[in-house]
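The domain 'HotDog ACOT-type' feature in TrEMBL is assigned to 55-167, 229-342. Under the heading domain 'START', TrEMBL lists 417-576. Under the heading region 'Disordered', TrEMBL lists 29-49, 209-228.
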Amino acid sequence: RCLLKMVKGNIIVPEDILNFCCNGLQGSTSPPRAQEPGEREEAPGAMASPLPARNPTEVQMSQLVLPCHTNHRGELSTGQLLKWIDTAACLSAERHAGCPCVTASMDDIYFEHTISVGQVVNIKAKVNRAFNSSMEVGIQVSYEDLCSGKHCSICKAYATFVAQGPLGSKVRLKPLTPQTEEEKIEYSIAAERRRMRLVHKDTLKDLLTHSPQETELETRDGSGAVPAERTRVESVELVLPPHANHQGNTFGGQIMAWMENVATIAASRLCHTHPTLRAIEMFHFRGPSQVGDRLVLKAIVNNAFKNSMEVGVSAEAYGQEMSVSRRHINSAFMTFVVLDQEGHPCTLPMVAPEPGDGERRYREASARKKIRLDRKYVVSCKQTEVPLSVPWDQSNKVYLSYNNVSALKMLVAKANWALAREKEKVRMYTLEEDKFLSFRIEMSVCIPAGRAFSLLSNLQRRHEWDSHYASAELVQKVDDDDMIYHVVSQKLRHESKPQDFIILASRRKPCSKGDPYVVAFRSVTLPTHPARAEFTRGETLCSGFCIWPESEEMSKVAYYNQAMPGYLNYVTTNVAGLSSNICSTFEACEKFLLKNKEDLISRLQD
């Protein structure tokens with residue numbers, strides 16, 4: 001239209017011809033229809049269905065894998081991929097913070113596939129949750145084959161970034177409001193992942209404390225062990241402007257790429273071939289480095305298992321003067337495998353650790369392998385893939401607690417809850433999914449949320465209001481937030497003997513304003529409490545309470561349960577209105593809360 005109006009300034013063009021030409025450019029084949037009297041003009045795009053609002057922190061990056069990005073096999077270098085991941089995550093974090101951000105840590109990364117030259121890497125990063133001055137960024141990486149159109153997931157990662165103000169001061173972040181069901185789930189579970197990161201080192205110390213102190217060297221087919229010292233690598237890198245971000249600090253992804261390079265060399269010295277990086281352990285950046293720094297990178301094979309090896313890597317920085325002490329920037333542990341022509345893992349040579357620190361690293365590598373397996377087995381699985389009763393021990397207690405709470409939070413964040421029954425103040429909702437029928441029952445109670453949380457998290461008092469409970473014995477106090485109970489239920493008429501359960505109860509106070517108090521329950525197994533002949537051992541996958549403060553004296557109390565097959569008939573009978581047991585039990589819960597609130601007031605007055 002603009003072009004035609006310019007022409008119209010010099011040449012006489014009738015208005016109807018002008019309109020006809022402009023509408024023709026938009027796909028119309030006839031002049032516009034005259035508007036009828038009283039007819040309303042439609043807004044442009046009114047008939048189009050609204051697209052879902054895009055997360056304002058979301059960043060998408062697509063990179064074509066060129067020969068300069070690949071290794072000798074024509075596969076994308078993992079170091080290059082780590083640089084792209086860190087860049088995308090940093091851009092997402094800075095979108096939310098509105099100021100420079102630095103990488104603080106990266107959770108475990110498991111690489112599922114390799115990427116070949118000519119394929120496209122698609123990276124999507126967005127902020128899951130903002131805390132005071134740090135935020136969690138979720139990253140999804142996939143590859144796309146342009147010839148076949150095939151898409152495949154490569155890895156999923158979580159990075160923590162810290163916002164920085166002038167002179168490196170911390171910046172208080174604005175809260176993030178999740179919109180979609182997926183965002184609400186990630187937002188809720190981010191608090192659990194943060195808790196798991198904070199206790200990561202303590203988990204390793206606890207496992208080593210409870211493990212035998214002597215180092216046992218594995219023997220394999222009588223083959224000799226390779227001295228670990230032969231795999232040692234040391235390399236130095238000068239940080240130049242292309243290696244730094246817009247703040248002058250070395251890119252976290254660049255440091256990770258250099259570390260991956262020396263780790264690969266160390267692994268190659270053990271196996272005398274080209275290894276493949278399969279996983280990177282959770283790690284933290286301990287300090288920044290700047291342009292002009294010299295980075296000293298050291299790597300050594302800590303331990304070699306049958307089909308995999310762990311390589312320890314460290315990065316230290318110093319300036320121009322060697323007399324100045326080096327600054328420890330980062331340490332990481334990387335797992336490598338060697339694949340044959342069919343892609344199957346090959347058997348690796350053994351490692352003979354050097355006395356002292358080498359033996360310590362050897363033992364710690366074995367402990368980390370167990371922790372990795374526990375974490376991958378319990379945390380990384382989808383909820384439907386986790387066994388009902390996972391064996392509890394000292395090394396996996398953090399991850400079982402994480403899985404317990406995150407499973408309940410995922411259930412709470414589901415969007416398709418439907419009101420099934422309403423009886424006075426009690427409301428019952430159901431959620432139908434492929435494999436589960438879940439129910440939620442809620443009401444408002446005149447009691448402070450913290451007091452309700454304290455009462456409902458103590459299973460030893462549940463029999464006072466829940467007629468299904470006969471007793472609950474505290475078997476083990478794991479810590480202040482996690483307890484294990486042996487629960488015995490009342491015998492039902494159609495049962496030959498009562499059921500018993502080994503229940504892990506995990507409690508969480510709100511992480512920030514708007515979060516609920518959480519009490520989550522799931523089954524575990526304990527060697528000290530095997531199944532007994534006088535009981536039928538029952539199991540629960542996911543259940544628990546969420547308590548939201550509505551005011552200083554009012555709380556919304558909600559109970560959630562993913563119904564197991566043996567419990568299904570009881571639930572459907574209540575949903576259909578043929579029984580009111582669940583509503584009656586919840587009404588008894590309200591009376592229990594109010595009674596104990598009054599008892600507390602009386603004791604305070606006395």
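In case you wondered, yes, glycine gets a Cβ from its N, Cα and C as well.
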Residue counts for the domain 'HotDog ACOT-type' (229-342) under DSSP, helix then strand then coil, are 26 helix, 51 strand, 37 coil
The predicted model's mean pLDDT over the domain 'START' (417-576) is 87
Helix, strand and coil residue totals from DSSP for the domain 'HotDog ACOT-type' (55-167) stand at 25 helix, 54 strand, 34 coil
